[in-house]
Amino acid sequence: MGSGWSSEEERQPLLGPALGPAPAAAWRSREAAAAALPAAAPGPGRVYGRRWLVLLLFSLLGFAQGLVWNTWGPIQNSARQAYGFSSWDIALLVLWGPIGFLPCFAFMWLLDKRGLRITVLLTSFLMVLGTGLRCIPIADLMLKRRLIHGGQLLNGLAGPTVMNAAPFLSTTWFSADERATATAIASMLSYLGGACAFLVGPLVVPAPNGTSPLFASENSRAHIKDRIETVLYAEFGVVCLLFSATLAYFPPRPPLPPSVAAASQRLSYRRSFCRLLSNLRFLMIALAYAIPLGVFAGWSGVLDLILTPVHVSQVDAGWIGFWSIVGGCVVGIAMARFADFIRGMLKLILLLLFSGATISSTWFTLTCLNSITHLPLTTVTLYASCILLGVFLNSSIPIFFELFVETVYPVPEGITCGVVTFLSNMFMGVLLFFLTFYHTGDYIRDKFSGLNRLSPE
């Protein structure tokens, strides 16, 4: 973004010279932005220790949002028995996440015009309302289901900020050699929250078939409902605590910018959209991100529902989802740290990750079609294929974010990442919409493999 933001090699065309402005032109625009800084402006380069506290608060907020979003998928069998949810309800509870991205552009405008603090406070307040709505004690199951759906929608409205603002935060607070790492931590924690839902839900809430290792002997409807409500109250308490911490301390920006990029002027809201929509290189990279990542996110959210036809228990599906996302978060942060030191390899890293994802998804699909392929369907092969798929796809997210920001600078980071996450959630919504009507595992398994063959070439 600034003069030390990328190497000359990284600024070479990704998709050929005819698909967008020349790299030299992009580089000249960065130099012009840096030169346009007011002469009286303080010299950039100052970093503050409090940046790690800001990153921690934002990351924990993303963690909590992901945890709340994925509450119901891992315990869908228990939720059916406790509240009378149907397959349509389970899919819709996950679908509220991508639906919450419909006002994404309003949150991008707020982030661009009002800054990070106001946007984060509004986001955390929506999460407090959403988690609180799910905890209202009502005996009427129909009304209770509606409150739960409303709470999930409010939590979904918090998604645009926690998913889009990570590059904006890293540019505002961190130096050039820490940006990719900060972006990875802030963006990956939301996925880690979703992963912990795979772990917390099945371990705390007993499954109707008695497969829960902790509460196998008590699986009555009342006991299951009590355990689900315990999870809901705990999530409400965590969100309230984070809202209080954010209200007490979350500065919008440091006193002095940490880098040239943080001090540079950016395009206006309208000009940013014109630049994004007219940049074919950016649009093609955005589709390469949005289709596989959006489909995988929706697929992971209802993994228990999808694996039930092949006799995978609620607990096993939870562990598969947990390790696939955790592995992706760990590898993603490591990749981002590597990219901080060696610029110019973002495209190569993405190509390697997507190649691994394609092989893993093909392996999973062929294994599930064992009646045709005669490949062994064992716990080891199921765990290995799903976990490797999650590792390869989830670890590409921070690398993609860095590539997006590089490609369209000086468009503000929040607007750039907002557009691509909106596209990703649109594809997630399409998958969950079809799952609403075709809620058999075979349909999703058969269609999933080919979606990872898009790569940013």
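Note: Cβ is positioned from N, Cα and C throughout, glycine not excepted.
The transmembrane segment feature in TrEMBL is assigned to 52-69 (among others).
The transmembrane segment annotation in TrEMBL covers 90-110 (among others).
Residues or ranges marked as transmembrane segment in TrEMBL: 116-136 (among others). Remote same-chain partners of the transmembrane segment (116-136), defined as residues 6 or more beyond its termini with a Cβ less than 8 Å from a stretch Cβ, comprise 58, 61, 64-65, 68, 107, 110, 144, 147-148, 150-155, 157-158, 161-162, 165, 168-169, 172, 229, 232-233, 235-236, 239-240, 242-243, 246-247, 250-253.
Feature annotation from TrEMBL assigns transmembrane segment to 184-205 (among others).
Summarising the annotation, TrEMBL assigns transmembrane segment to 231-250 (among others).
The feature transmembrane segment is assigned by TrEMBL to 280-299 (among others).
Here TrEMBL flags 319-336 (among others) as transmembrane segment.
Annotation comment: TrEMBL describes 348-366 (among others) as transmembrane segment.
The transmembrane segment annotation in TrEMBL covers 382-405 (among others).
Long-range neighbours of the transmembrane segment (417-438) within the same chain, counting only residues 6 or more positions beyond its ends whose Cβ lies under 8 Å from a Cβ of the stretch, are 87-88, 91-92, 94-95, 97-99, 101, 104-105, 107-108, 111, 159-160, 163-168, 273, 276, 286-287, 289-291, 293-295, 297-299, 301-302, 305, 400-401, 404-405, 444. Sequence annotations record features per position, and here TrEMBL assigns transmembrane segment to 417-438 (among others).
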Among the ranges 90-110, 184-205, 231-250, 319-336, 382-405, the one whose Cβ pairs under 8 Å to the transmembrane segment (52-69) are most numerous: 184-205
Cβ contacts under 8 Å made by the transmembrane segment (231-250) with residues that lie 6+ beyond its boundaries: 53-54, 57-58, 60-61, 64, 67-68, 71, 116-117, 120-121, 124-125, 127-128, 131-132, 134-135, 200-201, 204-205
Cβ-Cβ under 8 Å with the transmembrane segment (319-336): same-chain residues at least 6 beyond its ends: 74, 180-181, 183-185, 188-189, 191-192, 194-196, 198-199, 202, 300, 303-304, 307, 312, 349, 353, 382-383, 386-399, 402
